[in-house]
Amino acid sequence: MAGSSADAALGVGLALISQVSQVGKGLQKEGVADLPELSVHTFEQYVHSRRWMLGIVLDIAGAVVGLVSLALLPISVAQPIFCNGLVVLALFSACYLKERLGWHEWGAVLFCVVGTTLLALTLEPTDYVGMDLLWVQAKMGGVLLCAVLAILALELLGQRARESQSAPLLELVTGMQAGICIGSGNAGLGCGLQLLRVGEGFTLVIAVSLMLVGLAFTSAHPIFANRGYKVGRVVIITAYLSLVSLATGVFMGHFVLGEPWPSEARASAMRVAGLVTIAASIFVLNGSEMCDFRSHKVFRKCAELV
């Protein structure tokens, strides 16, 4: 359970490499420009788009590498590291999409590096010996069910947003749906993978089931993300996605799976600083757009639709 220093170092490295999936998201954004909204009837057109398919392949490849890292790291640490992908996306936008980066984008890169370093330095192993594994699995199953209900509720809100043609609200809704899918899916996968190493009997069956459910969650996130990419801004949608997945991962890791918080005051402060720094990097990278005039209307529009 992220026991040795070597496992932790490898897990952090793999978590960072897995962010190639964000390049895939950028390619998907380009690919959907000339395509209709993704649905069962239009899926064949997406399959024949080389750029979109390359984006999907990179997205999935990054997810597979991330899956390996989840077997080595606590989800409450792995998921925040995954949020570095927003910086990768910004760099990709600058190098491939020819979008110019300003001082605040480079500041966000620095924030992510510092935040990731602080998290890596405060890793503590999760000791499942003596834990009631069935209770841990039951809590995870219950939270995953709540995640499904939250996604369905957001889908209803998204339908109303489409009817009112509110692009900023659709960015928020689709980003939150994708973020819940990623955070919940990674938590289910991480829980299943790590309990496979210590469980026995019926707990192994449940662990495999949680892995399959987690895989289904993670695999579903491009559906919601691509809906948003069609009408919204990829960086803003990914910002919402990253913040929601970060919060979901930390919540599930500490409060559902019982992952330890650093016991020493200094390490605890470093952990908090790492989480805050990574979250701050998202705001630094997207602050101007997330707080522009259109975005101020999102929550007012949301209240009207509800």
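Just so you know, glycine gets a Cβ as well, placed from its N, Cα and C.
Residues or ranges marked as transmembrane segment in TrEMBL: 52-72 (among others). Outside the transmembrane segment (52-72), and at least 6 residues removed from its termini, the chain residues within Cβ reach (under 8 Å) are 2, 7-8, 10-12, 14-15, 17-32, 35, 46, 78, 82, 85, 186, 189-190, 193-194, 197, 218, 222.
Sequence annotations record features per position, and here TrEMBL assigns transmembrane segment to 78-97 (among others).
Same-chain residues lying 6 or more positions outside the transmembrane segment (106-123) and placing a CB less than 8 Å from one of its CB atoms are 2, 8-9, 12, 16, 73-74, 77, 80-81, 83-84, 86-87, 90-91, 262, 267-268, 270-271, 273-278, 280-282, 284-285. Feature annotation from TrEMBL assigns transmembrane segment to 106-123 (among others).
TrEMBL lists 135-157 (among others) with the feature transmembrane segment.
If one looks beyond the transmembrane segment (169-196) by at least 6 residues along the same chain, the residues whose Cβ comes under 8 Å of a Cβ in the stretch are 1-2, 66-67, 70-71, 73-75, 78-79, 82, 126, 128, 133, 136-137, 140, 143-144, 147, 150-151, 154-155, 157-158, 161-162, 203-204, 206-222, 224-225, 227-228, 231-233, 236-249, 252-253, 256-257, 298, 301-302, 305. Among the features that TrEMBL reports, transmembrane segment is placed at 169-196 (among others).
Summarising the annotation, TrEMBL assigns transmembrane segment to 202-224 (among others).
With a threshold of 8 Å between CB atoms, the same-chain residues lying at least 6 positions outside the transmembrane segment (236-257) that come near it are 22, 25, 74-80, 82-83, 85-86, 89, 126, 136, 139-140, 143, 147, 171-172, 174-176, 178-180, 182-184, 186-187, 190-191, 221, 225, 228-229, 275, 278-279, 282, 285-286, 289-290, 295. Annotated transmembrane segment per TrEMBL: 236-257 (among others), in sequence order.
What TrEMBL lists as transmembrane segment is 269-287 (among others).
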